[in-house]
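Annotated features in Swiss-Prot:
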- Asn65, Gly66, Gly67, Glu78, Asn109, Asp110, Ser135, Thr136, Ser137, Ser140, Gln188: substrate binding site (BINDING)
- His74, Glu78, Gln188, His196: Zn(2+) binding site (BINDING)
- 50-208: domain 'SIS' (DOMAIN)
Amino acid sequence: MEEQGRCACRLEDRPHYEEMVLETMLYSARLKERVARENSAVIVAMSRLMAETFEGGGRVLFCGNGGSAADAQHLATELTIRYRSSVQRPALAAIALSSDSMALTAGANDLGYDAVFARLVEAYGREGDLLVGISTSGNSQSVANAFMAAQERGLKCIALLGGDGGAMKGKADLEIVVPHTGSADRVQECHIAIGHVIIDLVERMLGYCTSSR
C-alpha cells in the first residue's frame with residue numbers, strides 16, 4: 001500500500017533523473033537570463049538606491065516569509081558581515097526583521113502575524129532608511145503591511161516578487177517580478193541571485209570593490 005501523497009515510482013523505475021537535473025538547471029538559468037535582460041536597469045537603480053541609503057547614514061531593513069525570510073537574513077548578513085573575502089570594507093547597516101524569533105512570536109500572538117513586520121518597521125525604520133520586501137507570490141500580507149508602515153515613515157521600498165506580482169505589484173518604489181508560477185523554488189533562486197548582484201554593485205558604487213567579477 002502506497003503512503004498517502006507518495007509517488008508509486010521507485011528509483012529503479014526512473015532512468016531519466018539525469019535529464020531531469022539538466023532540464024531543471026537549464027530552465028533556472030534561462031529564467032535568470034530573462035530576468036537579467038528585462039530588469040538590468042532596475043537592478044542598477046535598486047543598487048544605487050541602496051548605496052545612497054548607506055552613504056546617507058541610513059539602514060536597510062529586509063523582510064520575507066519562509067524561504068524569503070531565509071533570503072532576507074542571507075542578504076542582510078552579507079551586507080553587515082561580508083559578501084566576498086576579497087573586498088575589505090566597513091560593516092553596512094542591514095537588519096533582517098525575520099531574525100528575532102521572540103519579536104515574531106510575540107507580535108504574531110499579540111497583534112496577528114500580518115502586523116509583525118509593520119510593527120518592527122515602526123520600531124526600527126527611520127526616514128532615509130530602505131525596506132526590501134521579498135515575496136515569491138507577491139501576496140504576503142505581512143510584507144505588504146510592512147511597505148505601508150515604511151512609506152508612512154518616509155522609507156523607500158524595494159520589492160522582489162514572483163508570478164504576476166500579486167497584490168504587492170506597484171506598491172514599492174522599485175520592483176522586480178520573476179515571471180514563474182506554480183512553485184516558489186525557481187523564483188527564490190532568482191531573488192538570491194538578484195540580491196547578490198545588488199550587493200556587488202553597492203560595494204562598487206561605494207568604492208570598495210575593484211575586481212572584475
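Keep in mind that glycine also has a Cβ here, set from the backbone N, Cα and C atoms.
For the domain 'SIS' (50-208), the predicted model reports an average pLDDT of 98.
In the three-state DSSP scheme, Asn109 (substrate binding site) is classed as helix.
Between the alpha carbons (Cα) of His196 (Zn(2+) binding site) and Gly67 (substrate binding site) lies a span of roughly 16 Å. Take the CB of Gln188 (substrate binding site) and look out to 10 A: across all protein chains shown you find 22 other CB atoms. Sitting within 8 Å of the Cβ centre of His74, Glu78, Gln188, His196, and not among those site residues for Zn(2+), are the Cβ atoms of Asp71, Leu75, His191, Ile192, Ala193, Gly195. Within its own chain, Gly67 (substrate binding site) has Thr136, Ala184, Asp185, Gln188 as residues 6 or more apart in sequence whose C-beta sits under 8 angstroms from its own. Reported as a whole number, the C-alpha separation between Asn109 (substrate binding site) and His74 (Zn(2+) binding site) equals 26 Å. DSSP assigns Ser137 (substrate binding site) to coil in the three-state reduction, outside any helix or strand. Long-range neighbours of Glu78 (Zn(2+) binding site) (same chain, six or more residues apart, CB within less than 8 Å of its CB): His196, Ile199. With all protein chains in the displayed structure included, the most crowded Cβ environment within 10 Å among the binding-site residues Asn65, Asn109, Ser135, Ser137 is that of Ser135.
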